[in-house]
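In TrEMBL this protein carries:
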- 1-11: compositional bias 'Gly residues' (COMPBIAS)
- 1-56: region 'Disordered' (REGION)
- 86-218: domain 'RUN' (DOMAIN)
- 276-310: coiled coil (COILED)
- 347-577: coiled coil (COILED)
- 589-647: domain 'FYVE-type' (DOMAIN)
Amino acid sequence: MGGDCLGLGGSRGRHGNAPPPLFRPVPARVLRHSGRGLEVPRRPGARTGPATKDPTAVERANLLNMAKLSIKGLIESALSFGRTLDSDYPPLQQFFVVMEHCLKHGLKVRKSFLSYNKTIWGPLELVEKLYPEAEEIGASVRDLPGLKTPLGRARAWLRLALMQKKMADYLRCLIIQRDLLSEFYEYHALMMEEEGAVIVGLLVGLNVIDANLCVKGEDLDSQVGVIDFSMYLKNEEDIGNKERNVQIAAILDQKNYVEELNRQLNSTVSSLHSRVDSLEKSNTKLIEELAIAKNNIIKLQEENHQLRSENKLILMKTQQHLEVTKVDVETELQTYKHSRQGLDEMYNEARRQLRDESQLRQDVENELAVQVSMKHEIELAMKLLEKDIHEKQDTLIGLRQQLEEVKAINIEMYQKLQGSEDGLKEKNEIIARLEEKTNKITAAMRQLEQRLQQAEKAQMEAEDEDEKYLQECLSKSDSLQKQISQKEKQLVQLETDLKIEKEWRQTLQEDLQKEKDALSHLRNETQQIISLKKEFLNLQDENQQLKKIYHEQEQALQELGNKLSESKLKIEDIKEANKALQGLVWLKDKEATHCKLCEKEFSLSKRKHHCRNCGEIFCNACSDNELPLPSSPKPVRVCDSCHALLIQRCSSNLP
């Protein structure tokens with residue numbers, strides 16, 4: 001390839017292949033950048049026919065090739081120079097210029113009040129919403145004092161993302177959300193097409209490089225983004241350094257592999273440590289709970305013994321008291337039976353006498369009551385007759401008043417008859433009715449007068465009979481009073497005898513009540529004893545339940561101890577494996593000429609295969625095994641010796 005021209009799609013790769021025919025060699029100095037991307041100027045008089053490609057597709061391809069060249073050149077030069085790069089490093093500056101051109105391709109022009117705006121800061125601000133870890137970069141970019149333009153902020157954002165080694169992650173999140181990108185980019189832009197995804201995939205390789213950039217001191221607003229193609233032109237010396245770069249790449253791959261293994265092992269060890277800590281904490285808690293349960297069991301056993309002793313004492317006392325009370329009750333019952341027989345005989349005789357006397361008294365009282373009732377009936381009849389007389393006199397007075405009123409009405413009617421001839425017939429009828437009423441009233445008055453005369457005669461006869469009856473009653477009452485006085489004397493004697501019997505009965509009832517109280521007290525005590533027995537049985541049940549809980553907790557502690565011992569053994573095995581892996585080295589293809597196990601020489605038919613566990617090189621027959629490793633969850637190739645060792649370790653770890 002010439003010294004002053006470069007084919008943007010045809011740079012020689014690792015094996016020195018010729019450029020593809022799609023891209024024509026163009027002088028590097030003549031390439032210029034327009035608003036849409038890199039443009040290749042046409043020669044004067046060149047033919048443009050229907051076979052020419054879409055210019056936006058050509059621009060995307062050119063930018064993709066430039067991104068490949070810049071990323072590859074940056075990685076190769078960084079490996080030869082040293083992986084920590086400063087901001088003055090030319091390949092790094094060119095990489096930022098190329099990334100700026102890639103992000104600017106196909107940007108939409110945004111109209112503002114004063115001018116047209118077209119910057120890459122808008123889509124980069126979206127990353128904060130899509131990827132929360134990018135908020136720190138956005139905040140630090142906004143806090144930088146020297147930045148005034150959106151382009152300067154975008155350049156600072158790219159530098160900070162490279163230092164964080166997350167540029168590929170941020171841009172991947174941005175490319176996935178094409179709906180949001182369509183607000184900032186045209187449909188044919190590089191970030192909207194497949195070329196953008198390819199560039200993001202290439203950016204993953206920059207995680208090998210460590211960049212130490214000072215963003216505060218740089219003037220990022222006024223920098224001119226011009227691509228220098230002379231850096232990517234290769235000499236014969238570069239071809240000689242190819243083998244050395246291959247060796248460096250292999251060393252870096254080996255180192256990255258070992259670092260990933262160490263990270264995964266460290267993560268597993270930390271997770272196991274956290275599990276062990278949690279198990280130890282739970283073990284200590286269970287031990288404390290067990291100690292508390294043991295103390296509670298001891299206390300309950302002591303209380304149980306005390307309750308048993310108290311129960312025995314109460315039972316002895318109650319039995320003694322019951323025996324004494326039984327003897328007393330039997331003696332008192334015998335005395336009560338003897339005394340009651342004599343009293344019953346006396347009571348029966350007195351009762352007979354009372355019955356005879358009460359019958360005589362009732363007969364006399366019945367006769368007196370009949371006589372008194374007759375007298376009351378006569379008095380009531382007299383009162384009723386007087387009331388009838390008074391009522392009849394009142395009715396006579398009322399009838400006389402009605403007659404006077406009728407007379408007045410008749411006078412008024414006669415006066416009205418003179419004034420009105422039309423109502424004569426009706427008023428004559430009313431007068432006739434009134435005359436009939438007056439005739440009836442006069443007849444009733446005559447009947448009432450006859451009844452009064454008869455009542456007066458009956459009253460005179462009743463008064464004569466009352467006088468005769470009163471004389472007879474007085475004679476009979478004198479004789480009855482004499483008999484009553486005699487019987488009252490007998491009653492007084494009987495009442496005194498009854499009082500004596502009542503007093504004797506009261507004393508006996510008091511004794512019976514005392515005995516009943518004693519029996520009720522004994523019954524209460526027996527109920528208390530029964531309740532104490534129930535409480536004792538409940539305590540025994542609780543004691544058995546606590547014993548069961550104690551045995552279950554002991555079994556759980558034993559199981560936890562077994563699990564702890566198993567986890568400690570697993571941690572020791574992992575530590576040993578980690579130590580063994582730290583000592584392992586990924587053997588190079590050139591260093592191995594024979595298989596390590598069968599010692600057969602490698603050839604075109606017998607190819608070399610790396611064991612992913614120990615890193616040594618074996619033939620296909622000695623490494624035809626696959627097992628998942630801590631570094632990769634998927635099954636990978638393992639040699640026979642590592643396969644046997646890993647299976648033995650897994651079987652020993654199983655319960």
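Cβ coordinates come from backbone N, Cα and C, glycine included.
No curator has checked TrEMBL annotations; they are predicted automatically.
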Report task. Go ahead and report the DSSP secondary structure tallies for the domain 'FYVE-type' (589-647): helix first, then strand, then coil. Result -> 8 helix, 18 strand, 33 coil
Report summary line: Mean pLDDT across the domain 'FYVE-type' (589-647) comes out at 86
Query raised in the report: Looking only at the domain 'RUN' (86-218), what are its DSSP counts of helix, strand and coil residues?
Result: 84 helix, 8 strand, 41 coil
